[in-house]
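Asker: Take this structure, written in structure tokens, and hold onto it; I'll ask about it next.
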Amino acid sequence: MKLGYGEFSWPTGEAYHGQFYRDHFHGLGTYTWPDGSSFTGTFYLSQREGYGTMHTKTMLFQGLYKEDQRFGPGIETYPDGSQDVGLWFREYLLKLCTRVPSGFSLVNYPEFLAFLTKSRRRLDLSDEKVELGLSEEQDPFFYDYKQYLLNDELKLPPEMHVYSTDNSHLPMTDSLRQELDDHIFMNEIPPFIEDEEPWLITNETPLLVKIQKQTYKFRNKDAHTSWNIPAILEGNRSRFGPSGPKEQISKKMIMKAEEGDYNWIFGILRDNLACADVADSKGYTVLAAAAMHSHLDIVNLLLDFGADVNKRSDEGITPLSMCFLQYYPCKSFHPNIAERTLLQESPKSLVTPKISFLLADANIDYLYDVGMPIAGGDELKTSSLDDSLASMQTPESSNMLHKEEVSPVKTVSTDVEKESEGAAENVDASTLYSVDTNFESTKCLRNYTINVSRDIMEKSAQAYSSLPQHPCFPYKGTVRKMAQSMVERRNRWMTITLLLRRGADPNLCQVPMQALFLAVKAGDVEGVRLLLMSGAQTDIQFPPQLQSLTPLHIAVSLPGEEGVKITELLLHVITNVDAKAADEDYVYKGGKADLLPSSLKLNNEPGPPKSFYSTHTFIPEEGGRTALHVACEREDNKKCARDIVRLLLSHRANPNVLWSGHSPLSLAIASGNDLVVKELLSQGADPNLPLTKGLGTALCVVCDLVYEQQRSVENKIALIDRLISYGADVLNPVTLVQGDRTAVGTAVDYGYFKFFQDRKIAHCPFHALMPAEREVFMARKRLLEYLGLQLRLAVLSKESRLDTKALYLSKRAELAPCHRLKKKGSSSVRTQSSEKQSIPFYKFCYQCGRSIGVRLSPCPRCYGILTCSKYCKTKAWIEFHKKDCNDIMAMIPHLEGSAWRVAESP
């Protein structure tokens, strides 16, 4: 067995002199070939491993090796002094130290900076080890003898190294690997001792991670510093000689891929002059350059020559994600309530000389809103035409901008009178017959414009874009610009489909977000369908700093029919329809009225008796928003929101979870969407679900001042009737809190509590209010009176099920404590009899329904009802109590006689 330092030669003329270990070249040594070539450096089991110098007749290579191949940073020097510098893989440059000026960078997309919250990972220095002791339940492929394969002593026969040195076909035990590494790094710091934090991963492509790990392993070698390896890793080429041929060809190939020079690239790859996976110092590859410029033939060529379709840039972006970012610009994203985005300002229209197409920029926004059919059956959606139309102005028309704004509507206004509004502010505006006029005033002039419909322009652009070649004109009009944008967009879509068909992973890149998020945010139904068919995952989320939203959260908030279609697509794949966002601390519509103290005084009132309502046996789950919460929160398109809610409920979304104190039902009430309310109630939403954060129940939300602008009083009354018809109990207890005082009441008390928060309308004399304030006062009063009526009917319904005689005696005994029966008898017997017949009843004003903050007084004749004021007493007497009181008074002698007989019975 060869061990130690020595020399060994072969009859072929090859020779090695250096360190041996277990019959292998292992350690420092020099290997020479008959042609004069030599390698001086580190060997590992008879293979070049680590830093070394390779001498040939035509060049000198200094760099890192692994398993007998170049693998990492290196410098190849030629006789003329030029050098190829970068990261090497075998005989090819894999990454340059120079940057292509036109390379892709997220710096050019500042709108996504908020999504760049993920920090770079560090190198994992520990080798993967299989843990022992996996149980049969944890390991689906468990069998009894499997653990023997995990034992170093049982992997190889004893003394295997004595009669075989073929380690390339034998398993490497952990103990042998540790022994070999100790021999290589005998006089140095062990490679994986954490004397410092591991390096940050500069590029997460698996091959480049392995290269960086190999470089880190040999970082303490002298060559690492003397050969300027850190400068290569940083992409700093200033300390090296002029670029060599391989470096020049590699850089030129990236630029040729942008230009679309297929023949030149094919010749380079055919002659093996460069690697199809080469990238600049920032990881911008040839494939990315070709894909960004939609050169499909070059993309296919590179993939045929082995380019990695999922290779990432240093920013972590794959070619597929670059294409998606280009296909879905920020302006194509729909504003939605899931992300709390705001509507953008309407763009301004342009005035062209002599003929003013009012489409101009409004035409661009139209393409964002609707899909335009293009050749091949695809659709043009969410187009980024602003950039392409930015240069459409000629020098003569560059100063002819309207001052008025044109809203992006679906049809073009034909009202010519609106043109004069902006003309007064633009003294240089052109007229139909004059371009060079320069009067001080244009009030006497009129610009007679020709309004061309969008349909005509779109059809013209569609026909023009279908031509095989477009003639070049020095000035391109709106139609040609639109046609050019259609062609570019179609090519980008074809590039995306090609990359996905050739194996691009839509889940790999998470910077700035997954591709599925981009398609959903843009409302592209076909894009979402393509990604889902390509295996895009749906259980993805935004970072916690952005509320951890899922694609379903955004899909259910999209306006229009595309939101319904995308939601349906996602629900066919998604696993957790009740995924929660990280916004559990968000306060939904915390208006000023919530901050004002109510003038209603709380005196620890007990609320309705327990026999008057049914108690909830479970505590509702509370957390972040679910997709159902988002859909019920929508105020934009009530019909589409209803359809989305129906889809979610059909996939078993839970309608009885809380967010910000609200249930989906209360959110639908607060947002004013009665269609969603009806859908939720019909699908089993609980109208009596107790809400948190002082919201009470769904009936309480109807009369909350914060949401009173969502519907008229008639609609609120109809909503109350609908809730009650689906089982809403107006007698459910509601706890009111103000400071250190609490009280328990009903939805009526909650309504009056909120009513008295607006002190001006609640307490000012009616004649002192403005007309609008009077309308508000009357509307609130009418709603509360109707709710009080429903409360009285509910109480009377409960009391009708009780013993009328016992109920009357209980009320009379409690409300008139000084009352005594006229007949003689034992007072103790009568007291015991009254206690036996005592029935709890609800003390509230039978006219307005209030039980909190009022002083109740019974009817002095019958003690059958309670009222809180003279106004309520008079109104109750007129409306309903006059007849009831007379009926009760007629029954009193009979009731008292019955009570006496009961008291006398043994």
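Placement of Cβ uses the backbone N, Cα and C atoms for every residue, glycine included.
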Asker: Looking at the ranges 476-516, 558-598, 845-885, which is given as zinc finger in Swiss-Prot?
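Answerer: When 476-516, 558-598, 845-885 are checked in Swiss-Prot, zinc finger belongs to 845-885.
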Asker: According to Swiss-Prot, which listed range is region 'Disordered': 391-411, 601-621?
Answerer: 391-411
Asker: Could you give the number of helix, strand and coil residues in the repeat 'MORN 3' (61-83) as assigned by DSSP?
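Answerer: Here the numbers are 0 helix, 16 strand, 7 coil.
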Asker: Please work out the mean pLDDT for the residues of the repeat 'ANK 5' (623-657).
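Answerer: PLDDT averaged over the stretch: 95.
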Asker: With Cβ-Cβ distances below 8 Å as the criterion, list the same-chain residues six or more beyond the ends of the repeat 'MORN 3' (61-83) that contact it, or say none.
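Answerer: Long-range Cβ neighbours of the repeat 'MORN 3' (61-83): 41-42, 47-54, 89-91, 210-211, 214-215, 218, 223, 227, 229, 232-233, 240-247.
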Asker: Sort the residues of the zinc finger (845-885) into helix, strand and coil with DSSP and give the three counts.
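Answerer: Computed counts for the zinc finger (845-885) are 16 helix, 4 strand, 21 coil.
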